[in-house]
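Per TrEMBL, the features are as follows:
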type: TRANSMEM; residues: 20-39; note: transmembrane segment
type: TRANSMEM; residues: 59-84; note: transmembrane segment
type: TRANSMEM; residues: 96-112; note: transmembrane segment
type: TRANSMEM; residues: 118-140; note: transmembrane segment
type: TRANSMEM; residues: 152-171; note: transmembrane segment
type: TRANSMEM; residues: 191-209; note: transmembrane segment
type: TRANSMEM; residues: 214-230; note: transmembrane segment
type: TRANSMEM; residues: 242-262; note: transmembrane segment
Amino acid sequence: MATSRSFATDFLSSAIGRVLTAVLIVAAMVVAAFGAGAFGGTPVDEAAGGWLGADSTWIAPATSAFRIWSVIYLGLIAYAAWQFFRATQTPRHQRVRLWVLAGVILNSVWLFTVQAGWLAVSVLVILTLTACLARCLVLLDEEPIGSWLERILLDGVQGLSLGWVSIATIANVAGWLGSLGWQGSPLTEESWAITMAVLATALGLALAWRFGRLTPGLAIAWGLAWVAVGRTDGSGPQSVPVAVATAVAAAIILAGSLAGVLRRRRARSS
């Protein structure tokens, strides 16, 4: 297994591997456009019976939340160009090349499963994607950052991806369960939404404590803030308690993420 990973890493570091990485990232952008409704595709919020739409469940973010994908995809395109430069061929970068590419591919696979209406399969794929992104951050955390561009295009983009996909996973699971007819029994749907907000808060604080990074928590807080908007803007299930819970959760995660960054800096300077 280790030998296989080493071979894959060495290949992706080669000229051909770098070209392949760039091609796959561009292809992922095309798939993303397809998933947004271009080229005959069905928008994600309308695919799979509409169970991933902004008005589908009590924990679904409002439509504007998905603008974060524009930032992530822009970062990936920049990464595709950046990884060609000789200065980027560092041991730290080489260790995560495979995981970065795996994340790109898994995201495209997830979009295809949603287009096909396979919600149960999409849950498995997005859980795998979350694990992949987490592994990438763990590896990045083991070695010092080489440059500010590396900080943005590797650490920043992968951190945003992990945070957002974490929220998307919760919404994906909620949509899948809703498609099965489950309405939260024995709790109410509102109670489950608040419970999920608490879970997201715990996850955001855990990531802040483990990695001392801002971007994962920022993305989770972004998602939760738009859940709060979605519960009060008339576009989906309306609930002041859920809106308050998710807004408070977003604020706690932001504060915890900032505290994690400061803690990490103090630890490095001591």
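Here the Cβ of each residue, glycine as well, is placed from N, Cα and C on the backbone.
Since this is a predicted model, take the numbers as computed values, not measurements.
For the transmembrane segment (191-209), the residues of the chain that approach it from at least six positions outside its boundaries are 57-59, 162-163, 166-167, 170, 174, 184, 216-217, 220-221, 223-224, 227, 231, 239, 241-242, 245-246, 249, 252-253, 256-257, 259-261, 263, judged by C-beta separation under 8 angstroms.
Nonlocal intrachain contacts for the transmembrane segment (118-140), taken as residues 6+ away from its ends with a CB within less than 8 angstroms of a stretch CB, comprise 48-49, 51, 92, 95-96, 99-100, 102-103, 106-107, 109-110, 154-155, 158-159, 161-162, 165-166, 168-169, 172-173, 175-176, 179, 211, 213, 216. Residues 5, 8-9, 12-13, 17, 21, 24-25, 27-28, 31-32, 34-35, 44, 76, 79, 83, 122, 125-126, 128-129, 132-133, 135-136, 139-140, 154, 158, 161 of the same chain lie 6 or more positions beyond the ends of the transmembrane segment (96-112) yet place their CB under 8 Å from a CB of it. Sequence-remote contacts of a segment are chain residues at least 6 beyond its ends whose Cβ falls under 8 Å from one of its Cβ atoms, and for the transmembrane segment (20-39) they are 12, 46-47, 69, 73, 76-77, 79-81, 83-84, 97, 100-101, 104-105, 107-108, 111-112, 114-115.
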